[in-house]
Amino acid sequence: MALVVQKYGGSSVADAERIRRVAERIVATKKQGNDVVVVVSAMGDTTDDLLDLAQQVCPAPPPRELDMLLTAGERISNALVAMAIESLGAHARSFTGSQAGVITTGTHGNAKIIDVTPGRLQTALEEGRVVLVAGFQGVSQDTKDVTTLGRGGSDTTAVAMAAALGADVCEIYTDVDGIFSADPRIVRNARKLDTVTFEEMLEMAACGAKVLMLRCVEYARRHNIPVHVRSSYSDRPGTVVVGSIKDVPMEDPILTGVAHDRSEAKVTIVGLPDIPGYAAKVFRAVADADVNIDMVLQNVSKVEDGKTDITFTCSRDVGPAAVEKLDSLRNEIGFSQLLYDDHIGKVSLIGAGMRSHPGVTATFCEALAAVGVNIELISTSEIRISVLCRDTELDKAVVALHEAFGLGGDEEATVYAGTGR
């Protein structure tokens with residue numbers, strides 16, 4: 001008997017018909033002799049609707065009360081799926097995040113999981129029940145208030161449950177058949193990948209691939225939990241995220257895929273003194289504004305005045321906060337100008353094979369040049385190349401790179417509904 005954790009996204013439980021279909025899949029898994037724990041997201045666009053409602057009532061909702069409101073969405077879908085399972089003759093019990101033992105930090109809106117104490121879940125499993133856990137939420141270790149986990153929170157909840165319960169696999173159900181070599185909404189012949197290493201998936205998630213969120217993959221790698229990405233609309237096998245690039249033969253010409261991200265902004269600090277300590281002042285200011293940095297580029301110092309420019313990218317949502325913080329410290333830090341650009345896109349090529357194939361970067365740049373895409377910034381890791389371009393050219397760049405590296409499959413990819421979340 002295996003212990004299986006399943007997670008269903010909002011599009012998978014968007015209405016009564018889809019909820020019943022999900023319940024049938026869960027019951028079928030249970031009848032195969034498995035113990036089953038299910039994590040569900042809020043139905044459809046419920047979270048966005050609740051956010052809109054909150055802002056109509058209060059333009060700046062108190063974070064604690066906003067978390068109380070938003071967690072209601074997952075509790076609703078959780079209970080409805082449990083009812084649907086009961087209607088099919090199986091026994092189910094639903095739990096909120098706090099009832100499931102999800103202990104978090106106290107940061108409302110973006111709490112981190114500290115621990116999971118799943119005693120009540122284990123008791124329910126021993127009673128032969130299907131266990132349902134409301135995703136995206138927990139309880140603060142210090143204040144005992146309800147908290148939300150931020151973007152990708154339900155995925156992270158599912159992997160955390162799998163780790164705490166010692167599950168054999170964590171299945172993430174979405175609206176595509178697995179992880180593809182590119183977004184099938186942009187590249188029609190994107191190829192489904194059978195397996196992806198944790199490192200490759202981390203790079204893909206960090207570069208904008210939306211099927212799995214970065215925090216979820218980090219948690220799975222840390223606890224060595226295999227993650228099986230599947231469609232809730234078909235019985236196709238999906239993609240398994242497992243293992244390390246250390247297990248991939250160095251000489252294998254493996255390129256995993258092309259990822260893209262249109263949610264970033266670019267900040268450039270112009271005329272910064274090129275002496276020790278000034279870059280540190282810039283990034284300390286950004287950190288104090290609670291802004292995570294992605295790509296960084298420092299220009300060669302201008303000999304005539306000893307000044308340099310530093311460019312970094314961050315989420316478009318927090319870009320204005322970074323600019324405001326830096327601008328308030330302009331005289332203290334000593335730069336002359338601040339530039340902000342939120343009309344950029346990031347396109348990335350990921351794959352363990354580029355560790356031993358020196359021509360990859362040249363082909364990458366040639367493919368973009370051939371379709372008239374200008375590279376504004378470039379960043380690399382052992383298994384990734386990322387560049388910035390205009391957001392209007394992003395789709396064109398994705399298609400060009402996918403074709404240049406021969407990543408396409410023989411079949412047209414199927415997208416069943418929604419956005420993959």
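Using the three backbone atoms N, Cα and C, a Cβ is placed for every residue, glycine included.
In Swiss-Prot this protein carries:
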{"type": "BINDING", "residues": "Lys7, Tyr8, Gly9, Gly10, Ser41, Thr174, Asp175, Phe180, Ser181, Ala182, Asp183, Pro184, Arg185, Lys210", "note": "ATP binding site"}
{"type": "BINDING", "residues": "25-30, 45-49, Glu74, 125-126, 151-154, Asp274, 292-294, Gln298, 360-361, 374-375, 381-382", "note": "substrate binding site"}
{"type": "DOMAIN", "residues": "267-348", "note": "domain 'ACT 1'"}
{"type": "DOMAIN", "residues": "349-421", "note": "domain 'ACT 2'"}
{"type": "SITE", "residues": "Lys7", "note": "site 'Contribution to the catalysis'"}
{"type": "SITE", "residues": "Glu74", "note": "site 'Contribution to the catalysis'"}
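As a whole number, the greatest separation of Cα atoms within the ATP-binding residue list Lys7, Tyr8, Gly9, Gly10, Ser41, Thr174, Asp175, Phe180, Ser181, Ala182, Asp183, Pro184, Arg185, Lys210 is 26 Å. The Cβ of Gly153 (substrate binding site) lies under 8 Å from the Cβ of Gly135, Phe136, Gln137, each of which sits 6+ residues away along the same chain. For the domain 'ACT 1' (267-348), the number of residues in each DSSP class (helix H, G, I; strand E, B; coil) is 25 helix, 33 strand, 24 coil. Listed binding-site residues near Glu74 (site 'Contribution to the catalysis'): Ser41, Thr47 (candidates Thr29, Ser41, Thr47; Cα-Cα distance within 10 Å). The candidate set comprises the binding-site residues Thr29, Ser41, Thr47, Thr361. Of these, Ser41 has the most other Cβ atoms within 10 Å. Here the domain 'ACT 2' (349-421) is broken down by DSSP into helix, strand and coil counts: 30 helix, 16 strand, 27 coil. Arg25 (substrate binding site) sits 26 Å from Asp183 (ATP binding site), taking the CA atoms of both as reference points. Between the binding-site residues Lys7, Arg25, Arg185, Lys7 has the most other Cβ atoms inside 10 Å of its own Cβ, all protein chains included. Taking CA atoms as the reference points, Arg185 (ATP binding site) and Thr47 (substrate binding site) are 23 Å apart. Neighbour counts were taken as the number of other C-beta atoms within 10 angstroms of each residue's C-beta; across the recorded positions Glu74, Asp175, Asp183, Glu382, the minimum falls on Glu382. Sorted by the number of other CB atoms within 10 A, the binding-site residues Leu125, Ile293 start with Ile293, the lowest. Averaged across the domain 'ACT 2' (349-421), pLDDT for the predicted model comes to 86.
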